[in-house]
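S.K.: Taken from TrEMBL, the feature transmembrane segment applies to A:21-41, A:47-67, A:74-96, A:108-127, A:139-158, A:173-191, A:198-214.
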Amino acid sequence: MTEAAPPPPVTLKGMLHGARLITPLIPGSLVFAAAFGTTAAQKGLSVLETMLMSAFMYAGSAQLVALELWRTDVWTGAAILAIATVVFTVNARMILQGASLQPWIYPLPNRVLWPSLALLTDANWLIGTRYHADGGRDAGVLIGAGAALWVVWFAGTLPGRLVGGLVDHPERFGIDLVMPIVFTAMVVPLWKGRQDTICWSVAALAALATASIAPGYMFVVAGGLAGSLTGALLGVLDDRRRRPHG
Amino acid sequence: MGEGAYLGFSAGSLAAILAMALASYLCRVLGVILMAHVPLTTPVRRGLAALPGSIIVAIIAPLVVRGGPAALAALGAALVSMLIRRNELLALAVGLTVVTILRALGV
């Protein structure tokens, strides 16, 4: 084992900061949640089932995809396994996101770490990553952002499920582009030099190649892995150069 | 709506929701657990350093290619805004303004 790092602080101030950082993403999340609720009504889910999904899955794209496989008649073991497997593949990108957070949050005490991870989503990962890249250590930022968005997600699902068709053509205002725009903006502060240019180019190419041959969301995993492996390879080369006889 | 529309559920539907929640939680913890068992050598460190940007680029690359001119212009405008003033909120506002105008014009 490596030396134990001191656990990062978790403060209320950090949580509030995280909740504040997430505010630009609230309108988009509300609309997305309402859209999920509306679709759930069309697919025949009860209000209870819809709200349980939002509360315990808390994963927008995976929930929408799951509705395509939803059954209103009989659930066989095979059908349950199938829907859970699809959810796993849609959410597989979070495995990589968790890996990237590990050096920062793993020293947290177990009773904080494992419940906090239930709140991991694209949005608070993005905010936490930016905060940490700027030198921040307070894990409360990650937790606060995740918790605030969970409330928004849960609250936004209900009117969508009850009323349905609440938001007609949200794409008119670019709501569908909120997350992509924030992701794009985030690339700028994360760029640290030529190595990132190389890794990210590989990631983009791998993602595009995968998207053209594989259905679903595997392109995110393929791109992320390819970029990361490229970074590791550059690390190996650097090691060799520094120790030519090692 | 009948009663079932509100509180209706079956053992099967509850099991499906539970299974999906478990699958999601597994994805959330798996990366953290895996990395806890990988020693942080230089290559691993460099791979981890490249990971966040790679994930982000991988998410947006297919969108840039397939998204159409309005989406492309919005992402481009957000990027330029971010390069000039490092403010995500401003970049978001700029991107959304661009896409709203372009879509209103039928682009």
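Along the chain as shown, residues are numbered 1 onward.
Using N, Cα and C of the backbone, Cβ positions are placed for all residues, glycine too.
Remember, TrEMBL labels are computer predictions, not curated facts.
Help me picture where these features are in the structure shown.
M.R.: Beyond its flanks by at least six residues, the transmembrane segment (A:21-41) meets 49-50, 53-54, 60, 63-64, 67, 123-124, 127, 131, 141, 145, 148-149, 152-167, 170, 175, 178-179, 182 of its own chain at Cβ-Cβ distances under 8 Å.
Within the chain carrying the transmembrane segment (A:74-96), a Cβ under 8 angstroms from the stretch's Cβ atoms is held by residues 57, 59, 61-62, 65-66, 120-122, 125, 216-218, 220-221, 224-225, 228, all 6 or more beyond its ends.
For the transmembrane segment (A:173-191), same-chain residues at least 6 beyond its ends with a Cβ under 8 Å from one of its own Cβ atoms are 24-25, 27-28, 31-32, 122-123, 126, 129-130, 133-134, 167, 197, 200.
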S.K.: Ranking A:47-67, A:108-127, A:198-214 by Cβ pairs under 8 Å to the transmembrane segment (A:139-158), which is first?
M.R.: A:108-127
S.K.: Could you give the residue numbers and ranges of same-chain residues that sit at least 6 residues beyond the transmembrane segment (A:108-127) on either side and whose C-beta is under 8 angstroms from one of its C-beta atoms?
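M.R.: Hits for the transmembrane segment (A:108-127): 7-8, 10, 18, 21-22, 25, 29, 58-60, 93-94, 97-98, 100-101, 139, 141-143, 145-147, 149-150, 179, 182-183, 186.
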S.K.: Should anything in the same chain at least six residues away from the transmembrane segment (A:47-67) have a Cβ under 8 Å from its Cβ atoms, list it; otherwise answer none.
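M.R.: Distal contacts: 29, 32-33, 35-37, 39-41, 83, 86-87, 90-91, 118-119, 121, 150, 153-154, 157-158, 161-162, 216-217.
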